[in-house]
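The following features are taken from Swiss-Prot:
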BINDING   Cys264, Cys267, Cys299, Glu306  [4Fe-4S] cluster binding site
Amino acid sequence: MEYKRFKTRQIKVGNVLIGGDAPISVQSMLFTKTRDIEGSLEQINRLYFAGANIVRLACLDMADARALKEIKAKSPLPLIVDIHFNHNLAVYCAEFIDGVRINPGNIGSKENIKEVVKACKERGIPIRIGVNHGSIEKQFSDKFGYGVDAMLESAMYNIKLLEDLDFFDIKISMKTSDAQKTIEAYERLRPLCDYPFHLGVTEAGTKFHSTVKSSIALGNLLLKGIGDTMRVSMTGELEEEIRVARAILQDSGVQKSGVNIISCPTCGRIQSDLLSAIKIVEEKTKHIKEPLNISVMGCVVNALGEAKGADVAIAFGKNQGLVIRHGEVVAKLKESELVDRFLAEVEDEVKSRVVKE
């Protein structure tokens with residue numbers, strides 16, 4: 001299946017392009033109190049090394065806003081301020097931040113939005129219209145309830161509001177906590193505008209539930225060419241958010257980066273400690289950014305076939321096994337020596353590609 005992405009306008013968050021032909025970026029949000037400068041920077045650095053492109057922070061009051069100014073000066077990543085209720089905080093933060101997210105359901109009057117737009121326009125920073133099914137404006141929830149119809153009305157109303165103020169550096173999110181409703185909301189809005197979309201399932205839950213919901217919703221949308229930046233929302237799991245997001249991009253075939261591990265589910269034919277081997281391989285290869293297919297198989301039934309499609313592979317047997325590279329056997333070793341040799345071949349494969357580039 002050919003992947004064809006919906007062509008959107010391009011905006012810029014710090015040094016990260018979003019929309020157009022830009023790669024789909026991955027975002028996260030800190031769970032520190034923003035006024036905790038040291039703690040916030042520690043989490044930003046963790047996200048940076050995990051492979052995040054953009055970070056969002058909450059701003060509840062002026063103490064947060066002033067701290068955010070200091071955090072921004074030391075951050076290795078572009079920062080977006082997340083504003084609810086108090087538009088004055090957005091106006092203040094626009095002086096130094098890379099982007100603003102507003103919730104149309106609680107930002108207040110048109111005059112409030114006008115002030116935010118003026119500040120962002122002067123700095124040349126974008127605004128995300130963050131529509132959330134749990135906080136729709138009363139004028140739309142009264143008429144449509146808290147479903148997708150109300151979300152669409154809210155999105156189009158607020159898009160027009162910004163456009164009427166001659167502001168077009170816009171991205172949009174349509175988040176619900178339900179995978180099907182999230183898909184429907186983004187699909188129905190996509191033909192109505194050409195602004196870039198920020199994909200996400202809100203309040204998705206802990207690691208297990210978030211991974212399932214986000215994979216269904218975001219994977220579905222990405223395969224339809226919808227989405228320009230994304231976040232996998234996950235309770236208290238910073239690095240895992242990035243890891244799952246990158247895996248969704250890779251396994252949907254949208255973006256190739258990092259290691260794709262093919263491993264068998266195990267059965268009675270296995271005569272080796274495959275589970276331990278896979279855990280070691282996952283841990284030792286998670287730093288690799290180069291797109292790489294590797295195969296870790298527990299017996300010969302499918303191992304050789306999978307190895308033909310892998311860059312580097314292990315085929316375990318009884319007390320011994322094969323290391324295979326691009327379909328060619330490079331070593332036959334005792335089981336205890338297999339993983340180390342396999343990892344050495346993986347690193348050599350990465351180095352050989354870097355040299356060619």
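The chain as shown is numbered from 1 upward.
Yeah, the Cβs are placed from backbone N, Cα and C, and that goes for glycine too.
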Other C-beta atoms that fall within 10 angstroms of the C-beta of Cys267 ([4Fe-4S] cluster binding site): 9
Those residues of the chain, 6+ apart, with a Cβ under 8 Å from that of Glu306 ([4Fe-4S] cluster binding site): Ile262, Ser295, Met297, Ala313
Cys264 ([4Fe-4S] cluster binding site) CB neighbourhood, other CB atoms within 10 A: 19
Distant-in-sequence Cβ neighbours of Cys299 ([4Fe-4S] cluster binding site), under 8 Å, six or more positions away: Cys264, Arg269, Ile270, Gln271, Ala315, Phe316, Gly317
Three-class DSSP secondary structure - Glu306 ([4Fe-4S] cluster binding site): helix
